[in-house]
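Before any comments, here is the structure.
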Amino acid sequence: MPHFTVVPVKDQAQSNYDSLEGINWVDYRDTGQDCPDHHDTVSSDGHGNHKEDSPFLNNADAASKKNDFYDRNLALFEEELDIRPKVSSLLSRLVSYTNITQGAKEHEEAESAEASRRKTPKSPNMGTLMGVYLPCLQNIFGVILFLRLTWIVGMAGIMQSLLIVLMCCSCTMLTAISMSAIATNGVVPAGGAYFMISRSLGPEFGGAVGLCFYLGTTFASAMYILGAIEIFLKYLVPQAAVFHATDTLGSDSAMLNNMRVYGSICLSLMAVVVFVGVKYVNKLASLFLACVIISIVSIYAGAFKSMTHPPEFTICMLGNRTLVRDRFDVCAKTVMKGNITVPSQLWERFCLPGNMSSAQCDDYFIQNNVTEIQGIPGLGSGIIRENMWSDYQQKGEILEKAGLQSVDAHGAMENFGMYVSADIATSFTLLVGIFFPSATGIMAGSNRSGDLRDAQKSIPVGTILAITTTSLVYFSSVVLFGSCIEGVVLRDKFGDAVQKNLVVGTLSWPSPWVIVIGSFFSTVGAGLQSLTGAPRLLQAIAKDNIIPFLRVFGHGKTNGEPTWALLLTGLIAELGILIASLDMVAPILSMFFLMCYLFVNLACAVQTLLRTPNWRPRFKYYHWALSFLGMSMCLALMFISSWYYAIVAMVIAGMIYKYIEYQGAEKEWGDGIRGLSLSAARYALLRLEVGPPHTKNWRPQLLVLLKLDEDLHVKYPRLLTFASQLKAGKGLTIVGSVVQGNFLDSYGEMQAAEQTIKNMMEIERVKGFCQIVVASKVREGIVHLIQSCGLGGMKHNTVMMGWPYGWRQSEDPRAWKTFINTVRCTTAAHLALMVPKNVSFYPSNHERFTDGNIDVWWIVHDGGMLMLLPFLLKLHKVWRKCRMRIFTVAQMDDNSIQMKKDLATFLYQLRIEAEVEVVEMAQLVKDRHSLVRMGSLYSDEEEEVVEAPPEKVQMTWTREKDQSNVRRMHTAVKLNEVIVNRSHDARLVLLNMPGPPHMEFLEVLTEGLERVLLVRGGGREVITIYS
């Protein structure tokens, strides 16, 4: 899908347009400025809303601008053409858009003599074979095929080995199908798997999976280096070892130390090669691929030749135990020297020096015969029957051939080194983890999408063909190895029984050296490729700016080489090399690759099920069920191969996900998870429509009415603080405000007000929504908010608003009239109401009350709001240590003792802990003082009189009304005395808001109290004693 470049326009046209279409508009005009980079960049519209740009709207000549945009035939659309492109000009630029792969561009720039003049990149011209098929082959065939596949076949048997290969290859094939669908759904720039997942599943998943893929690739380079060093030290130059075993048991640790030393040296050399010039790595890629293909062909040639002429590799057996062949010369107990029978080297190994008396020999050696058997019986020998089933072994178990006769006798421990034994305990699950890296590498084609002539056609065909080819090679190799090679030789990981030869090499034709040298170069090449790819992947993630602490890795040399990323990659790869065992490193990278493939499948499944309008892949042979199957297989393989590594990998991915969610830059990439959220939200909202929530589920869903000053700053930010303490992130919070004026003129002001409130909500950690209304009168705007906020079942049930301070001094009666009107509207709408008075004295989120009381004055039953609010407040850390006290007022005819008992029982059933007190109020007596105070009362009853000129306003008092107001004022004064007396030191006082409201009564009622929350119920029960 096309993206458009957002460019700032400095002329008058924008301001005229702003008033109609707002601030977030896109200008498509040519500005004559060169686009700084051909890569996808992220621009901002000034409000933090980042947008993806693909600058294929390169700039035309200024001269053609007039002709382009002011064509006489399109006079009707003159205004639109001023700010939007003509279709023909848009299409011509789309066609000329080139998407170059990361890396290639930088090298071309570096080689260019004139840095100021940008060199036009070559148009991509790679086909399916060179661009996808061969790179995938090279990445999939690797060290495991040459070093471990024979051993896997020996341990697991042909049947279980075929199952292992089938599981791993099915998993990658299903992933390739999902990947093909994603890769053909629009242009995939360089960045391959990371780009596809992040744009399909959003920045959080993209970052988590991108880093998993990066770690997998980095550990893959460590695995390849360890494989190369194993070939070097075991089969090419064994005498190069630095550490040597002092006894037979120490050989393993000596080998591991050698691997660490040479591995670190090799990693350093490779890092230097990558740093100096990646183009040399790319040029050598074809040579390394040739090595792989020649090696594989030699295996097939050797296997088929073994049908008639099996190679001569004999194994020496003592009883049914396999002997290490390079420890002695002749496979016999005695040899003839002239006519004399003398002990052989083998005899001397098992017996004490001296005469041939059997008393000083190893029991097992004396009682069993030495025999020689053929190591490679050949394709026609029928050995396949013996190798059909598994033979898993424990660490240190001696390799035995089942068919040979053997007398079971106890052998001496010092002779243990003479036998070939298992170096690690094996099981089906372990072998799955070790083999899986052989199936990875399927992303090589999508990583090169920028170099392909037609990426949308080449990627699916090339990748699926490569997986099919490699799978066939693996299946046939398993069968050939099982059909040609003796079982004990297959189980011999390092070829000790065949004179330290590489086991695959013994089968190959014309010489074992073809495989040894070929596999060495191919593993070195694969290591270089991984070491080249991983830093670029990290650089792509860093440049996307979704993980703040990785920003430094986005920088590199002047030609764009990722220097810092290469350094980090080298350090992580060194950790893998310090593990020093190929069998230990392989499951680690299996985890990270499986995690990556799992999310590729998830991305495809989510997009398919949501039927997003933009989901139109050219590759049609996919289905969400296949993606889910692939996802399930990835998850199963993770736990099969190593459940603890799987949990660690998931924890790492989860931590990265949460980190990006909380810290990372917000991106809108049109990803599928956003679509999934919308679908889930719609489904949930439709479910909520069924009816009002049950009393048990009732919680205050707040509409917080905020007042903004002339500079659009929030007047009382503590209202938001209190709302966040009350909600603790649960339920719905809508923050509303009214901008006074005309919508057409005040749109920009409304946008600014919305941004201000959103920033304040972020500071106060209020999780909710912001709603701004433009209205000619504030009172009308508030009524609109109360009526229209929320959607379906997600509507507010409680309104929170500030107290109109200074209403007495204000010449403008609208200040308190608006307040009174809002109270009436909430009552009419059956909504609950909360008015925090003296809100600036309320605690911030950083304060903690270590003691004190929250006092509830329960005068009228309002559905239980007064009980519920302190309970919810106490869930927040600010109020947690406060105690709750409930006061209720007894009239003359009430039994206060019984009332206290009943109230205590009621609270016990509500499961609310609180102290209970009953306050008795004597019959109030009228006094002159109260009557005098009545003189200053404002009447808010005659609202229609407000518009009249001041001199015509008359206060009309009837005698009845006088008496009613005097009674109310008495109650307010008396109640205030009692409340101040009992609750003057309370942290918060909650009391019923009397109605119909009157400013003077409310002011008198709350006088002398530091923090008061006036509460009015919405006319329904909000708390219940039932479970």
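The chain as shown is numbered from 1 upward.
Placed from the backbone N, Cα and C atoms, the Cβ positions cover glycine too.
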Annotated range (TrEMBL: transmembrane segment) out of 205-226, 865-886: 205-226
Contact call for the transmembrane segment (510-528) and the transmembrane segment (424-444): at least 3 Cβ pairs under 8 Å, seq gap 6+: no
Sequence-remote partners of the transmembrane segment (564-582) [C-beta within less than 8 Å, at least six residues beyond its ends]: 143, 147-148, 215, 218-219, 221-223, 225-227, 230, 256-257, 259-260, 263-264, 267-268, 271, 274-275, 434, 531, 534-536, 538-539, 542, 552-553, 555-556, 588
Residues in the domain 'SLC12A transporter C-terminal' (717-835) grouped by DSSP into helix, strand and remaining coil: 57 helix, 25 strand, 37 coil
